[in-house]
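*Asks:* Reproduced below are the annotations present in TrEMBL:
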type: BINDING; residues: B:49, B:50, B:99, B:127, B:130, B:251, B:252; note: carbamoyl phosphate binding site
type: BINDING; residues: B:77, B:160, B:212; note: L-aspartate binding site
type: DOMAIN; residues: B:3-140; note: domain 'Aspartate/ornithine carbamoyltransferase carbamoyl-P binding'
type: DOMAIN; residues: B:146-287; note: domain 'Aspartate/ornithine carbamoyltransferase Asp/Orn-binding'
């Protein structure tokens, strides 16, 4: 079972294994499955960035990608996700990458199909490859997590990534602090770290993780506040950041909202580096899924007369 | 001319040839065209299942697939289907797989282009690869058609597959019986087989072909009837089926309508096997089209100075 | 810098170089980049014909194509085109083919990214690969441009191709004449050639370039005129054309409007030949972009710790 469903199901050892594998891919390592392998990317919610990144990772591994257009699929005729995935399995697909609006959609699939499931985002829940690429970006910079101070700023309520990252970084020994409008931070998150004002936070963190927000202006205590001045990374705040500290953002960036336009590609910024790392992490995750698959092949149609024999 | 337009244009020998070729692919045979070949899948009506199956078949044969988005094509600017296909021919496409809402759309193409046409469904008319995959599923089970009793149940009026299957199985020597609401069966179909009540039919057939229906509830003699109880394969009916008999359905399945949820993957069910066989049949049909093409190449642009020379 | 943005930025030598390269591809030449290369086709305006042609060209060169669905991209979340292209660069894309509704959209990209930009049409401005395929079609026919008489007929106001072609052919030494409704020809165009009545023009040109029009009927001096009779290539006009002269049209054709139905594939017609040539020209343009790229690689993420190392 080498699905990838959530970051929390991964042991610390498994996280380090995936990061090590991804690092090897970043250094030019190559890997291809023993036999011609087919994958399908099922994006029931649009996300060009994540989808393109998976597509590149899949091609670098020499996989065959079956285009799957969710808007014209039988799902629109009422077919269950399970039947769709079983259909893909029947025609020879070994792994599916799924993004779906439903929280934990994968629970209806796990244990009932031999197709490997890679979660590319579910509802407001999990987005494990985004977390892993963030971890890789931090790890390649500092070569450890223990004791690093990581600040996460912005719309923490709606960010699936922020939650996963906070939990994973806490398990890996980092110190977490949050900032942004207080109404966007809930009690559950405060288990993993404390709230800090934005100026103290930016001056003291090793890693500043900015989150995308939906609206530039919002209400605080009955008056409208400009997000950039209140909680964004302004040119002034960046100047007071610690030596060696880095800036991260999951993108797409709202320039001059979460971060000043001129800082998006500044020396501290790892924003485009994160995207590059996304490809390596997805290669590692796909290798992990398909490698397992090679050993443990178990065709569900096997009680039927002929078996898939390529 | 190795187009595939309808099942009825195929001789019995040709049907057996395609099934034999498909069987070889199911056993691991490989085939690739002599030269780099390009195909395009033109789906003017959505059908993810059929399209994915063709895509897998095409890739297993090493073909290059040109993505063609019908919703943004020049067809929306009033271009004829003929001009679209000639355009694809000009840029180097050797075969097109077409699904179109118009009955016998292929009549405007045949004999006017060197591109091979593979019909993936026209209007309410034909869907030859679906018929062939059904035939393959039956043939691999029984190794003959002569004297087999095949029951076809459901929305026979609207099913292009049911018609093609009834005709083909009749030609191949099977005995056909129909069931379901009587208003869904027309006189034309009764040339090929008789009507039987659903209980007699399920107890006596070798092959039970269920058809997808549009509505769970419908009117019979002025009162609303539950389809599943009246004509569906209930758990009780399945228990009385003959030893060795099999269940088929073109999918997507309406669980607990045409067939009880728990029977979709029961031992008699060949529903996912049919999908697997779809890939082998499409490989056979594509090989048949492109093999011919290699020998009989005749470039329509040949009166013009330069010819396509790859 | 081996982008392709407009025809006018190309020197006459560069035009001949591209045509010579395209001619070699038409004669069966092969070329592949030294390393695995990734391209993305960003079509913000639909154009199946141009997109399919680029896709075929890309595959013939062995490039990996990353599907990019503009309708579901982050652009719809307000991301700038620059950030989208930088993202694609970060994940390993070497060249992008862009069609965009905005005039000269490429100005926001040039000099700020190492990704090669190939313009597949901007606003009402430029469409250089269409111009180049027209030039190739003329050149393969006559083997020179100097002194050729080229007639361009139809909706010159709205045709990006007509403008580019007029300018390029003028620079290459051809004599240009225009015809069609006078309100569709502006002063700027008349720098490059004169207006001629349709009958004189069709009888004297070596090359007749017909443009697609939007409406069959339009008003001239307060009364409705049938375009085909007034300015179209009727069967009668074609009979009076010069020996050896050819007919071109960028397609899709409105049959019996710009050209009589029976003439679309007549002996003089190079309409489908133009489409074939489009593939060769795009191969030449992609080779030009990626060849340069191999020598001058300069990774924008290079100040960051790890570099893309495939």
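Positions of Cβ are set from backbone N, Cα and C atoms, glycine also.
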*Asks:* Taking the Cβ of residue B:127 (carbamoyl phosphate binding site) as the centre, count every other Cβ atom within 10 Å, in any protein chain shown.
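*Replies:* Residue B:127 (carbamoyl phosphate binding site): 27 neighbouring Cβ atoms within 10 Å.
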*Asks:* Near chain A: which of the binding-site residues B:99, B:127, B:160 have their Cβ closer than 8 Å to one of its Cβ atoms?
*Replies:* none
*Asks:* When C-beta separations to chain C are restricted to under 8 angstroms, which of the binding-site residues B:50, B:99, B:127, B:130, B:160, B:252 qualify?
*Replies:* none
*Asks:* By the DSSP assignment reduced to helix, strand and coil, which category contains residue B:49 (carbamoyl phosphate binding site)?
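*Replies:* Once the DSSP labels are grouped into three classes, residue B:49 (carbamoyl phosphate binding site) ends up as helix.
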*Asks:* Using DSSP, would you call residue B:130 (carbamoyl phosphate binding site) helix, strand or coil?
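*Replies:* In the DSSP reduction, residue B:130 (carbamoyl phosphate binding site) maps to helix.
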*Asks:* Distance check, please: Cα of residue B:252 (carbamoyl phosphate binding site) against Cα of residue B:160 (L-aspartate binding site), rounded to an integer number of angstrom.
*Replies:* 15
*Asks:* Provide the three-state secondary structure of residue B:99 (carbamoyl phosphate binding site) computed with DSSP.
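*Replies:* DSSP assigns residue B:99 (carbamoyl phosphate binding site) to strand.
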*Asks:* Between the binding-site residues B:99, B:212, where is the Cβ count within 10 Å the lowest?
*Replies:* B:212
*Asks:* Using a 10 Å cut-off between Cα atoms, which of these binding-site residues sit near residue B:160 (L-aspartate binding site): B:49, B:50, B:99, B:127, B:251?
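*Replies:* So the list is B:127.
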*Asks:* Would you mind giving the whole-number mean pLDDT across the domain 'Aspartate/ornithine carbamoyltransferase carbamoyl-P binding' (B:3-140)?
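*Replies:* In the predicted model, the domain 'Aspartate/ornithine carbamoyltransferase carbamoyl-P binding' (B:3-140) has a mean pLDDT of 92.
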*Asks:* State the Cα to Cα distance, in Å, between residue B:50 (carbamoyl phosphate binding site) and residue B:212 (L-aspartate binding site), rounded to an integer.
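*Replies:* Counting only the Cα atoms, the answer is 15 Å.
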*Asks:* Show which residues of the chain containing residue B:130 (carbamoyl phosphate binding site), separated from it by at least 6 in sequence, have their CB under 8 Å from its CB.
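*Replies:* B:50, B:121, B:160, B:161, B:164, B:250, B:278 - these are the non-local Cβ neighbours of residue B:130 (carbamoyl phosphate binding site), listed in sequence order.
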*Asks:* Which residue counts does DSSP give the domain 'Aspartate/ornithine carbamoyltransferase Asp/Orn-binding' (B:146-287) for helix, strand and coil?
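*Replies:* Across the domain 'Aspartate/ornithine carbamoyltransferase Asp/Orn-binding' (B:146-287), DSSP assigns the residues as follows: 55 helix, 32 strand, 55 coil.
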*Asks:* Going along the chain, which residues six or more apart from residue B:251 (carbamoyl phosphate binding site) have their CB under 8 A from its CB?
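*Replies:* Expected: B:49, B:212, B:271, B:274, B:275.
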*Asks:* Using the recorded carbamoyl phosphate site (B:49, B:50, B:99, B:127, B:130, B:251, B:252) as reference, state which further residues of the same chain have their Cβ within 8 Å of the centre of those residues' Cβ atoms, listed in sequence order.
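*Replies:* Counting only non-site residues, the set is B:47, B:53, B:121, B:250.
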*Asks:* Pick the one among the binding-site residues B:49, B:160 whose Cβ has the fewest other Cβ atoms within 10 Å in this structure.
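*Replies:* Sparsest of the binding-site residues B:49, B:160 by Cβ contacts within 10 Å: B:160.
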*Asks:* Tell me, how many other CB atoms lie within 10 A of the CB of residue B:50 (carbamoyl phosphate binding site), whichever protein chain they belong to?
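*Replies:* Excluding its own Cβ, the number within 10 Å is 22.
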*Asks:* Taking the Cβ of residue B:252 (carbamoyl phosphate binding site) as the centre, count every other Cβ atom within 10 Å, in any protein chain shown.
*Replies:* 19
